[in-house]
Amino acid sequence: MLIPSKLSRPVRLDHTVVRERLLAKLSGANNFRLALITSPAGYGKTTLISQWASGKSDLGWYSLDEGDNQTERFASYLIAAIQQATNGHCVTSEIMVQKRQYASLSSLFAQLFIELAEWHRPLYLVIDDYHLITNPVIHESMRFFLRHQPENLTLVVLSRNLPQLGIANLRVRDQLLEVGSQQLSFNHQEAKQFFDCRLSSPIEAAESSRLCDDVAGWATALQLIALSARQNNSPTHQSARRLSGINASHLSDYLVDEVLDSVDPATRQFLLKSSLLRSMNDALIVRVTGEDNGQMRLEEIERQGLFLQRMDDSGEWFSFHPLFGSFLRQRCQWELATELPEVHRSAAESWMAQGFPSEAIHHALAAGDANMLRDILLNHAWGLFNHSELTLLEESLRALPWESLLENPRLVLLQAWLMQSQHRYSEVNMLLARAEQEMKGEMDPTLHGEFNALRAQVAINDGDPEEAERLAMIALDELPLANFYSRIVATSVHGEVLHCKGDLSRSLALMQQTEQMARRHDIWHYALWSMIQQSEILFAQGFLQAAWETQEKAFQLIHDQHLEQLPMHEFLLRIRAQLLWAWSRLDEAESSARHGVEVLSAFQPQQQLQCLALLVQCSLARGDLDNARNHLNRLENLLGNGQYHSDWVSNADKVRVIYWQMIGDKKSAANWLRQTPKPEFANNHFLQSQWRNIARVQILLGDFDPAEIVLEELNENARSLRLMSDLNRNLLLLNQLYWQAGRKNDAQRVLLEALQLANRTGFISHFVIEGEVMAQQLRQLIQLNTLPELDQHRAQRILREINQHHRHKFAHFDENFVERLLTHPEVPELIRTSPLTQREWQVLGLIYSGYSNEQIAGELAVAATTIKTHIRNLYQKLGVAHRQDAVQHAQQLLKMMGYGV
């Protein structure tokens with residue numbers, strides 16, 4: 001819940017001096033990206049900007065305090081201020097910040113700017129007291145904000161110092177409007193106006209000018225002169241003499257003598273106690289100070305000019321001038337040291353009564369009251385956890401003694417979930433084990449079930465499926481149906497374990513159950529996770545169309561619940577890219593992988609490994625080895641600088657091994673094989689993939705017998721577990737083995753099975769990456785004209801893809817080849833006496849590669865009619881009448897020249 005006063009522009013007071021000369025300068029603020037108002041405390045920054053903002057409707061105001069260094073809190077208030085300025089225009093950004101569904105502040109701002117692109121009126125965002133921000137993450141994010149904000153948005157920043165926002169760059173580009181302390185200082189005319197509206201009897205212009213010069217136009221000093229003169233009924237020049245040459249760092253003594261010592265004891269107590277509140281209203285004042293009418297007392301203090309300012313138009317919320325508030329809090333530490341804990345307790349109780357647990361925790365911590373802090377956490381901690389107030393929760397839990405956590409084991413559970421969210425898996429188990437060991441009395445079965453559900457999640461995350469399954473099953477036995485969150489966790493873990501074991505049908509059913517429960521209770525991240533798992537399972541079973549449809553539902557969930565910036569979005573984009581790649585929709589696959597990289601841009605680079613492997617895979621399918629090598633360089637760098645799940649390593653190794661196969665790099669392949677551990681089993685698609693990598697390297701090295709043993713065992717497991725996509729991949733690799741070993745009949749047998757299975761999986765690119773060897777076999781099958789219609793159609797499609805992306809296949813008919821061919825002793829006499837032109841040789845090569853007339857015309861960039869002429873000429877010279885005859889003739893020439901076709 002947001003405190004309204006932090007989003008309210010200060011009310012313009014009746015007795016303030018209108019700074020006409022500065023307002024004139026600020027009138028052109030909409031022409032700048034940043035308006036920066038800097039000066040020490042007390043120069044009137046906030047008052048000036050509140051005057052300038054008066055009458056502007058498309059303006060949001062955000063008043064900072066020390067607590068805004070938490071990135072989640074900063075994001076919440078900043079988006080709320082924008083919503084205030086735009087009358088709720090940025091709905092998606094608001095939902096994302098409320099649900100903490102963004103990867104970083106910068107990515108949240110990127111979404112904000114997408115929505116603001118449809119906002120065409122001038123827009124202003126004021127951030128007051130920016131000097132309180134010390135978090136470098138926020139500074140960096142605000143630099144991003146300034147670089148990318150829409151042209152019609154002006155950011156107005158008020159600060160006591162130059163903020164770390166890339167000011168120099170903005171200044172050079174003339175995108176910065178600056179107002180500093182020299183300009184903020186009152187001139188003689190403004191000082192005269194100030195005294196005229198503050199003092200009962202006017203003073204001479206010469207005297208007001210002298211007073212102004214004595215304090216160098218410092219607004220706070222002028223206010224103190226007027227206040228002292230009123231309270232002590234003394235001449236203004238006496239106060240001026242005392243203030244002459246003074247600055248903010250030496251102001252404390254003056255404020256004690258001239259302000260605190262000049263008010264009655266009750267007012268002094270009121271000022272000191274209320275200063276502990278960062279913002280205040282009637283209810284808070286009544287509870288903290290004991291006043292009967294807090295609102296009336298606040299208004300009275302305001303009338304006395306004691307540096308109290310209204311924070312909203314309704315006059316409900318107030319705050320002290322920052323300079324005076326800081327002074328009062330310091331005095332409070334000295335004068336009310338023994339009362340402070342009780343005052344903070346009262347403040348915490350009042351904030352709780354008004355529904356602001358975060359503020360209540362702030363005061364409970366300041367009071368050092370562990371019992372109060374415990375009670376607040378017991379009632380509100382899970383709500384704060386679900387809103388990602390993780391830093392505040394960690395600080396709070398650290399402040400509680402261990403005994404208090406043991407007496408309230410749900411707080412132990414909360415601390416453990418905090419550790420789990422930060423991937424501190426070993427600490428989770430240590431904490432829970434210690435708690436169980438030291439807890440007095442028998443643990444409640446439901447709580448024990450919650451402990452075990454969390455332990456199960458930790459175990460599966462840590463790569464221990466056996467332990468994860470054991471704990472998940474115990475948890476499901478212990479947890480009542482009403483304990484939906486932990487039951488969702490345990491069910492999800494059980495489904496994931498079965499996935500790892502290759503029990504795909506049962507895993508799919510459990511993941512569908514998880515999705516239903518998660519949707520029913522709005523636990524959207526588990527709903528998304530379960531749908532991603534369903535898609536992976538369906539893909540492994542060979543049901544790629546069903547996997548696609550599940551992905552579509554998952555993308556819709558992401559859109560509906562604004563989950564675009566969760567890391568799981570990248571997971572979905574990645575498996576979509578894998579599916580698109582399988583279907584040879586390479587441009588879409590690459591786009592999806594790049595989108596995945598963008599989603600992870602705010603995370604460690606190592607997280608991008610899988611998407612990077614997919615980019616390599618797309619380049620390999622296109623035959624673009626240079627681009628593949630560029631991506632591989634980065635991928636191998638990431639591999640050497642991180643620890644990864646075996647599935648991630650397997651996917652990265654897959655593209656490396658295929659690349660080595662394509663360029664014939666046996667040395668790298670052999671080194672990899674020596675260093676790569678062999679998985680113990682092959683009962684899921686993760687392990688099948690790594691064994692396939694091993695077999696591919698063995699084939700490359702000519703070790704056909706061990707490779708055949710591996711692939712036959714993989715096929716046996718794949719058939720048994722119904723891992724149909726893996727079976728399809730295994731058959732293609734076995735085909736390569738048989739072909740290279742000279743076992744052509746076996747090669748054709750497994751290729752026919754792979755083609756038939758591809759009618760279910762839709763695989764195209766898995767055939768394409770095998771290159772010319774695959775193309776030669778497919779040409780032979782097509783020439784035999786014995787394939788079933790669907791298989792024939794797929795074979796032709798695969799051949800077209802190979803021809804399109806592996807253009808070097810027709811390089812046999814280049815000039816050097818033709819020159820050697822014509823001098824070959826066995827060259828047909830017809831070719832020797834009636835040689836083809838270079839262009840006709842190119843056309844023959846493309847015909848052999850399976851190109852249609854239109855494709856040949858496109859490849860050679862000539863008209864289709866020209867190609868027909870070339871074909872007619874070369875048919876005549878070769879003595880053939882049909883296209884198939886030309887293909888066979890080209891094949892004979894290649895065999896004669898020693899090419900295996």
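Heads up, the Cβ atoms here are built off N, Cα and C, so glycines get one too.
Given the structure is predicted, the values throughout are model-derived calculations rather than measurements.
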Annotated stretch (DNA-binding region, per Swiss-Prot) among the listed ranges 553-572, 773-792, 853-872: 853-872
Across the domain 'HTH luxR-type' (829-894), average pLDDT on the 0 to 100 scale: 85
Env. residues of ATP site, Cβ within 8 Å of mean position of Ser39, Pro40, Ala41, Gly42, Tyr43, Gly44, Lys45, Thr46 Cβ: Arg160, Ser181, Leu184, Ala219, Thr220, Leu323
Reduced DSSP assignment, Thr46 (ATP binding site): helix
For Tyr43 (ATP binding site): intrachain residues, at least 6 apart, with Cβ closer than 8 Å: Ser181, Leu184, Ser185, Trp218, Ala219, Thr220
Which of Pro40, Gly42, the listed binding-site residues, has fewest other Cβ atoms within 10 Å: Pro40
Per-residue Cβ crowding (10 Å cut-off), top of binding-site residues Ser39, Ala41, Gly44, Thr46: Gly44
